[in-house]
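S.K.: Encoded as structure tokens, here's the structure I'll be asking about.
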Amino acid sequence: MASSTMALSSPSLAGKAVKLGPTASEIIGEGRITMRKTAGKPKTVQSSSPWYGPDRVKYLGPFSGESPSYLTGEFPGDYGWDTAGLSADPETFAKNRELEVIHCRWAMLGALGCVFPELLARNGVKFGEAVWFKAGSQIFSEGGLDYLGNPSLVHAQSILAIWACQVILMGAVEGYRIAGGPLGEVVDPLYPGGSFDPLGLADDPEAFAELKVKEIKNGRLAMFSMFGFFVQAIVTGKGPLENLADHLADPVNNNAWNFATNFVPGK
């Protein structure tokens, strides 16, 4: 509508502006409010899903007993188990839930980063140092650190410069995840979507709900894996794939029990 008001020629209305409809700014403003309300609504999950609701899968199956009243099966990864009562307070639960999901994502990336370079090195790809906990120390060597073993890719010689780059890049991503940015508005900081979901995996509510469960399950396994990688590095001084190869070659002598008993006093 080119104009929302007009002056009528009738004597009784002469010189008076009569409003025929809402202005463009009002239309746009209302549209924005409606869009935000729609985007902010949680996507519902059908009650037939085995991962949500009161009849969801529990941590001990049919022997799980009664779940705490505050664990209703609303969120992914809720198996009705909270012996320490960490989820009893809603605010604490919301904070811990966000921390868990973020740590899950970092652990999945970290586990892949620990295994993949060593896997490539064992298959003929040349790295300066493929073992994850030894690679970073190469920056203190005389020649510095070459990313992926390629001096023409990224040649790092300053740990402070690496730290600054990490803070800037990770801070920018986290800031956008929480507060939004020029690429779009973020409605849910935990599942921002938009530019963080270029493949549109979250478009279907049912598929998205199942992907949330898969993410939290794989993330919890990844956190345990990272803990195991740290312990292996301290005890054996080897990477995860080398430890796996040693175990498969001699499972009787190369296992967690034998390594643990080496620390028994008097042995």
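Glycine residues also receive a Cβ, built from the backbone N, Cα and C atoms like all the rest.
Per Swiss-Prot, the features are:
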TRANSIT   1-35  transit peptide
MOD_RES   Arg36  N2-acetylarginine
MOD_RES   Thr38  phosphothreonine
BINDING   Tyr59  chlorophyll b 1 binding site
BINDING   Trp81, Ser87, Glu100, Arg220  chlorophyll a 1 binding site
TRANSMEM  101-121  transmembrane segment
BINDING   His103  chlorophyll a 2 binding site
BINDING   Arg105, Val154, Leu183  chlorophyll b 2 binding site
BINDING   Gln138, Leu148, Glu215  chlorophyll a 3 binding site
TRANSMEM  153-173  transmembrane segment
BINDING   Ser158, Glu174  chlorophyll b 3 binding site
BINDING   Gln166, Arg177  chlorophyll b 4 binding site
BINDING   Gln166, Phe263  chlorophyll b 5 binding site
BINDING   Lys214, Gln232  chlorophyll a 5 binding site
BINDING   Asn218  chlorophyll a 4 binding site
TRANSMEM  221-241  transmembrane segment
BINDING   His247, Ala256  chlorophyll a 6 binding site
S.K.: List only the single closest residue to Glu100 (chlorophyll a 1 binding site), chosen from the binding-site residues Ser158, Lys214, Glu215 by CA-CA distance.
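M.R.: Ranked by Cα distance from Glu100 (chlorophyll a 1 binding site), first place goes to Glu215.
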S.K.: Could you name the residues, excluding Trp81, Ser87, Glu100, Arg220, of the same chain that surround the chlorophyll a 1 site, i.e. Cβ within 8 Å of the Cβ centre of those residues, in sequence order?
M.R.: Gly77, Asp78, Tyr79, Asp82, Leu86, Asn96
S.K.: Pick the one among the binding-site residues Tyr59, Phe263 whose Cβ has the fewest other Cβ atoms within 10 Å in this structure.
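M.R.: Taking Tyr59, Phe263 as the binding-site residues, the minimal 10 Å Cβ count falls on Phe263.
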S.K.: Measuring C-alpha to C-alpha, could you say which of the binding-site residues Tyr59, Trp81, Glu174, His247, Ala256 are within 10 Å of Gln232 (chlorophyll a 5 binding site)?
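M.R.: If one measures from the Cα of Gln232 (chlorophyll a 5 binding site), the binding-site residues that come within 10 Å are Ala256.
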S.K.: Fill in the CA-CA distance, Asn218 (chlorophyll a 4 binding site) to Phe263 (chlorophyll b 5 binding site), as an integer in Å.
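M.R.: On Cα coordinates alone, these residues lie 32 Å apart.
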S.K.: How big is the Cα-to-Cα gap, in Å, between Lys214 (chlorophyll a 5 binding site) and Gln138 (chlorophyll a 3 binding site)?
M.R.: 36
S.K.: Given that the record lists Trp81, Ser87, Glu100, Arg220 as binding chlorophyll a 1, what is the largest C-alpha to C-alpha distance among them, in Å?
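M.R.: Result: 17 Å between the two most distant Cα atoms.
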S.K.: Quick one: of the binding-site residues Gln138, Arg177, Arg220, which has its CA closest to the CA of Tyr59 (chlorophyll b 1 binding site)?
M.R.: Arg220
S.K.: Sorry to bug you, but what's the C-alpha spacing from His103 (chlorophyll a 2 binding site) to Trp81 (chlorophyll a 1 binding site), rounded to the closest Å?
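M.R.: Counting only the Cα atoms, the answer is 20 Å.
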S.K.: Sorted by position, what residues of the same chain at least six away from Glu215 (chlorophyll a 3 binding site) have a C-beta under 8 A from it?
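M.R.: Spatial neighbours, sequence-distant, of Glu215 (chlorophyll a 3 binding site): Pro76, Val101, Cys104, Arg105.
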S.K.: Compile a sequence-ordered list of residues in the same chain as Arg220 (chlorophyll a 1 binding site), six or more apart from it, whose Cβ lies below 8 A from its Cβ; state 'none' when nothing qualifies.
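M.R.: The list for Arg220 (chlorophyll a 1 binding site) reads Gly77, Glu100, Cys104, given in order along the sequence.
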S.K.: Translate the DSSP assignment of Ala256 (chlorophyll a 6 binding site) into the three-state scheme.
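M.R.: DSSP assigns Ala256 (chlorophyll a 6 binding site) to helix.
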S.K.: If I take the alpha carbons of Ser158 (chlorophyll b 3 binding site) and His247 (chlorophyll a 6 binding site), what is the distance between them in whole Å?
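M.R.: Each residue's Cα considered, Ser158 (chlorophyll b 3 binding site) and His247 (chlorophyll a 6 binding site) end up 37 Å apart.
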S.K.: Which of the binding-site residues Ser87, His103, Val154, His247 has its Cα nearest to the Cα of Glu174 (chlorophyll b 3 binding site)?
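M.R.: Checking each of Ser87, His103, Val154, His247 against Glu174 (chlorophyll b 3 binding site), the shortest Cα distance is to His103.
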